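Reading through the structure tokens given below for one structure.
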Amino acid sequence: MTNIRKTHPLMKIINHSFIDLPAPSNISAWWNFGSLLGICLIIQILTGLFLAMHYTSDTMTAFSSVTHICRDVNYGWLIRYMHANGASMFFICLFLHVGRGLYYGSYTYFETWNIGVILLLAVMATAFMGYVLPWGQMSFWGATVITNLLSAIPYIGTTLVEWIWGGFSVDKATLTRFFAFHFILPFIITALVMVHLLFLHETGSNNPSGLISDSDKIPFHPYYTIKDILGILLLILMLMILVLFSPDLLGDPDNYTPANPLNTPPHIKPEWYFLFAYAILRSIPNKLGGVLALVLSILILMLFPILHMSKQRSMMFRPLSQCMFWILVADLFTLTWIGGQPVEYPFIIIGQLASILYFTIILLILPTISLFENKLLKW
């Protein structure tokens, strides 16, 4: 008699995805972030669901309802901070997952990569709308500033912004629709994740060497299930340390002040995971130019398969490309730091230089170095 997991229509899908899946024998801990992102998504959906049971999306009561969750709901403070800091863990895993893909050339799986970029954009949109919901000062002004950027679009800009706002400013209608979108998007993300996995399982996983590993595959279970469980335990440990010891470490104190349209905070800035893009936006003195640079800073990821000039897939055996990759990482850290600084000398010029370097490395330096390394192979 054949095992039920191999014959049952539903179990068969799970079996081929998580149990009998042939996986390369040499994938490192950098391949753990896919499962960690899955866990992050589950944590966010569950905590979000329980928060939504007590939250009210009305400008008069939104701030109070969040306070009520933290003070009066059983373990409400825990749920709220797990959700807020869970988003930070989500983005840490996302950035590491994307960085892994860039380093080891995983972007040559065209469909998987492009759906991944769409997923990144969807998660960023969800996080932005979630940040607006507590209706604190930074929520309100963040929503005002970021939605206002759409007014830079020629001809339809102003109409588009007012349509998104549902009025002539960020108000009750905006908050209500942001709550609705923030609730539905994670489920759309879940569906996209399934498509992401579908395309990944068409080709199989990449591995650190970037070489075809068909001749040396091992079953996913028990080897990588155990490895993933270790990663998940470490993720939960880090999340709970953050939640229980310093829940407001990554937040903004301004968001503990209720939203006031008559009082602008001295420094409007988004959550830490958007600061690199915010720095690129601010580094261009023109509104439309800044918005284009902001969008391109993420969409440029879609160009990686086209810009790949090397004869080798992975950077494992390409020291010059490795060097440039880590300079790019350092540049992103610099942009993140600049995004949180006020708009004054010397931060303006540092931000502009870091933004230029970001695009130059990706569009020019990495492809050129790859071609040079191809020449070195012939020596």
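The backbone N, Cα and C atoms fix where each Cβ goes, and this holds for glycine too.
Tertiary proximity for the transmembrane segment (33-53) is limited to same-chain residues at least six positions away from its ends with a CB under 8 Å from its CB atoms, namely 69, 79-80, 82-83, 86-87, 89-90, 93-94, 96-97, 100, 182-183, 186-187, 189-190, 193, 228, 231-232, 235-236, 239. Annotation source Swiss-Prot lists transmembrane segment at 33-53 (among others).
Taken from Swiss-Prot, the feature transmembrane segment applies to 77-98 (among others).
Other Cβ atoms within 10 Å of the Cβ of His83 (heme b b562 binding site), summed over all protein chains shown, number 21. Under the three-state DSSP scheme, His83 (heme b b562 binding site) falls in the helix class. Annotation comment: Swiss-Prot describes His83, His182 as heme b b562 binding site, evidence class similarity to another entry.
According to Swiss-Prot, the heme b b566 binding site annotation covers His97, His196, on the basis of similarity to another entry. The secondary structure of His196 (heme b b566 binding site), as reduced to three states from DSSP, is helical. Long-range Cβ contacts of His196 (heme b b566 binding site) within its own chain (separation 6+, distance under 8 Å): Thr112, Ile115, Gly116, Leu119.
Residues 55, 57, 62, 66, 87, 90-91, 94, 98, 101, 106-107, 139-140, 142-143, 146, 174-175, 178-179, 181-182, 185-186, 188-189, 192-193, 195-196, 199, 270-271, 273-274, 298-299, 301-302, 304-305 of the same chain sit 6 or more residues outside the transmembrane segment (113-133) yet have a Cβ under 8 Å from a Cβ within it. Summarising the annotation, Swiss-Prot assigns transmembrane segment to 113-133 (among others) and lists similarity to another entry as the type of evidence.
Per Swiss-Prot, the feature transmembrane segment maps to 178-198 (among others).
Positions annotated as ubiquinone binding site by Swiss-Prot, on the basis of similarity to another entry: His201. Contacts of His201 (ubiquinone binding site) defined by a Cβ separation under 8 A and a same-chain sequence distance of 6+ are given as His16, Ser17, Leu21, in order along the sequence.
The transmembrane segment feature in Swiss-Prot is assigned to 226-246 (among others); the stated evidence is similarity to another entry.
Marked as transmembrane segment by Swiss-Prot on the basis of similarity to another entry: 288-308 (among others). Long-range contacts of the transmembrane segment (288-308) within the same chain, counting only residues at least 6 positions beyond its ends with a Cβ under 8 Å from a Cβ of the stretch, are 98, 102, 105, 107-108, 110, 113-114, 117, 120-121, 124, 149-150, 152-154, 276-278, 280-282, 355, 358-359, 362-363, 366-367, 370.
According to Swiss-Prot, the transmembrane segment annotation covers 320-340 (among others).
Swiss-Prot lists 347-367 (among others) with the feature transmembrane segment.
Of the Cβ pairs linking the transmembrane segment (226-246) with the transmembrane segment (77-98) and spaced 6 or more residues apart, 3 or more are under 8 Å, so the two regions touch. With respect to their backbone Cα atoms, His97 (heme b b566 binding site) and His83 (heme b b562 binding site) stand 20 Å from each other. With a threshold of 8 Å between CB atoms, the same-chain residues lying at least 6 positions outside the transmembrane segment (347-367) that come near it are 279-280, 282-284, 293, 296-297, 300, 303-304, 307-309, 321, 324-325, 327-328, 331-332, 334-335, 338-339, 341.
Over all protein chains present, the Cβ of His182 (heme b b562 binding site) has 21 other Cβ atoms lying within 10 Å.
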